[in-house]
Each structure stands twice: as C-alpha cells, then as structure tokens.
Amino acid sequence: MPFLKDAVTLVKEPQQLPSIPLSWFPSSVFAAFNVTLLLFLSGLFFGFPCRWLVQNGEWAFPAITGPLFILTFFSLVSLNFSDPGILHRGSTKEDPMTVHVVRVNQRAFRLEWCPKCLFHRPPRTYHCPWCNICVEDFDHHCKWVNNCIGHRNFRLFMLLVLSLCLYSGALLVTCLTFLFRTRHLPFSLDKGMAILVAVPAAGFLIPLFLLLLIQALSVSRAESSYESKCRYHPEYNPFDQGFAKNWYLAMFAPLGPNYMSEVVCLQRPVGTAWIQEKTKPSPPRRPKHCRPGPPGPQHQPRRVPGKGPPGSGEAAALQEMRRLPASVEKSPGGPRQPTAEPAAGDP
C-alpha cells in the first residue's frame, strides 16, 4: 500500500545480521586476553630495551612511549565497558504492523520493527546478534573488546585505533634503535626481549594502519562500516553533509542524551534532522477462515422474525425518533416545552 507520494523514495534498511547463539564467556575471555597481552608486551619493553636506553642517557624514547602506553591502555579498558548507544527495549503493547516513516533530506525511511527489542528502530539503528541489543548509529561489533561500536563510543574506538598505531610504531622504532646501538655487544636477554616485542609490534602495525585509513574514509563519507559492507547508500547518502561537517558530527559534536540513563525522545538535537511523517496503521487483514465467495449473486440468509439485520426493530425506531429535530412553539403564555415532531403515519 503506498504511503507517501511517488516523489519521495522509500528506503528499506538492509537485512539484519544472523543470530549467533554464542555464550558471552569466550568473547569476554578473548577481550581480557588482549588487555593482558598489552600489559605483558609493555612490561617486557619497559623492563629490558627501554631500561637499557635510559641507563645510557636516551630519555626521549620513554618520554614518547610512556604517554602513548597510558593513552592506549586507558582507551582499551574504557572501550570494553563503554555504552555504544543502547536503546531501551519496547513493550508488547506496541503494534509491529504499524508503519512509521521518517524523512531525512528528502529520503524517506520506513522504521523497521525489531522482534527482539519490541520497538521500531530509528534510522541507522541495528540489532547486534552478539550483544542482543539495538545500537544507535551501529558501526560494527568489535570482538577485540567484546563490545559494539556505535554512536556513543565511536570516538573512543577511533582514539584506540590511533593510539595503537602510534604506540606500535614507537615500540618498533625503539626496539630497532636498541638493536642497532647494541649490535657490537654479544647476544643478551635485553636483545631477546627486544626481538620478542618488535615482532608483534610490526605484525599489528600494518593492519591497524589500514583499519585507521578505512575508518577515516567512512567518517568522511558519513557512512558506517555496516552500511558500507551492505552497500546501503549506493547512489545518494542523505546523511552526508560534507567533509568538514561529517568529521565534526562524528568526533566533536555533543553526543546528546544517554538512552540508558533515562527515557528520552529519540530525536537528537545535533546532527541530521529527522522529520516524523504521519503514522498510518497497516490495512486490516481478512481472517484465514473467511474466504470471499464466488462472483455473481450471493445467497442471502433467511430472515427470522424478531432477529432482523442491525439497525431494525423497535429500538431502531426509538433512536430514529430521538434523532428528529425538536421544535419550539410560541404561545401567548410563553414558550412551550420542546416536542418531537410526529413520524409519518402517526395520528
């Protein structure tokens, strides 16, 4: 059934990710392992090659790698426990057949019904099968931190990727510098630990740099990783407001209200405006046991005395008399009380 005018394009959101019935325990252990790996490699770095450089007067290396380690560790731990933009679950009172439409820059979006969260999802909001939640501006589910990346923690995710790139590069440069300075010395424990730290740092550096580049391109186009993977906006992206405005909205604009702290309106004060269209319920469906009859004259049921069709009988006649307009007659003694006009056929 057409709901809007033909001039407005109605867009349907991409198909949801398949439900994955996995336990939270393995993913949580993997996220904890990543934090432990960061602490372990950093401990080896600061305890062996960096210590030797400091003892020989090279203070520039710990002055650079120290703050980068603190920033990386803080962003990694914070991202594990951050709120990606979880929306409140609905109730069973909401009708899933009701059609809700919003318009964004002359592009109409039909709000899809989430059968798990029991509400109509706003634009760019998707249900994560791993976390079993609906996330506003869903980007992707990061298994490294066992958390979704969405509207409220995307900046923290970008900070983590950037700090990991810089920290991995600083570790690699420092370890190579240490190996070059000690090339004339025999093999020692410090050299072994430097090689042990430099190999994983070099292995993580290239993938992290590519990930940072991909995320930067996505922010420039105002397109999330999930939308880019599904080719959600192949021709025209209504959320694209230009290079500078896209970066401002993604990294510096106010985040708006936290939907997990209190029930608030889904309209954000900053960002792309949503215009709520008129809500129209879905057309009624014919029950399965009621089938239309064959074409042509239909059989009429026999009338039983005292059981006529609706709108007939004595009660209907009384209602008809009550609906008749009342007239006010004037008399020399004053106005008389209103009387109903007699129906046709009455004496």
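Even glycines carry a Cβ here, placed using N, Cα and C.
Since the structure is predicted, the reported quantities are computational estimates derived from the model, not experimental observations.
Listed in Swiss-Prot for this protein:
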TRANSMEM  29-49  transmembrane segment
TRANSMEM  59-79  transmembrane segment
DOMAIN    112-162  domain 'DHHC'
ACT_SITE  CYS142  active site, S-palmitoyl cysteine intermediate
TRANSMEM  156-176  transmembrane segment
TRANSMEM  194-214  transmembrane segment
REGION    275-347  region 'Disordered'
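Simply put, out of 29-49, 59-79, 194-214, 194-214 has the most Cβ pairs sitting under 8 Å from the transmembrane segment (156-176). Along the domain 'DHHC' (112-162), the predicted structure has mean pLDDT 94. CYS142 (active site, S-palmitoyl cysteine intermediate) carries a strand DSSP state (E or B). Residue counts of the domain 'DHHC' (112-162) by helix, strand and coil are 9 helix, 16 strand, 26 coil (DSSP-based).
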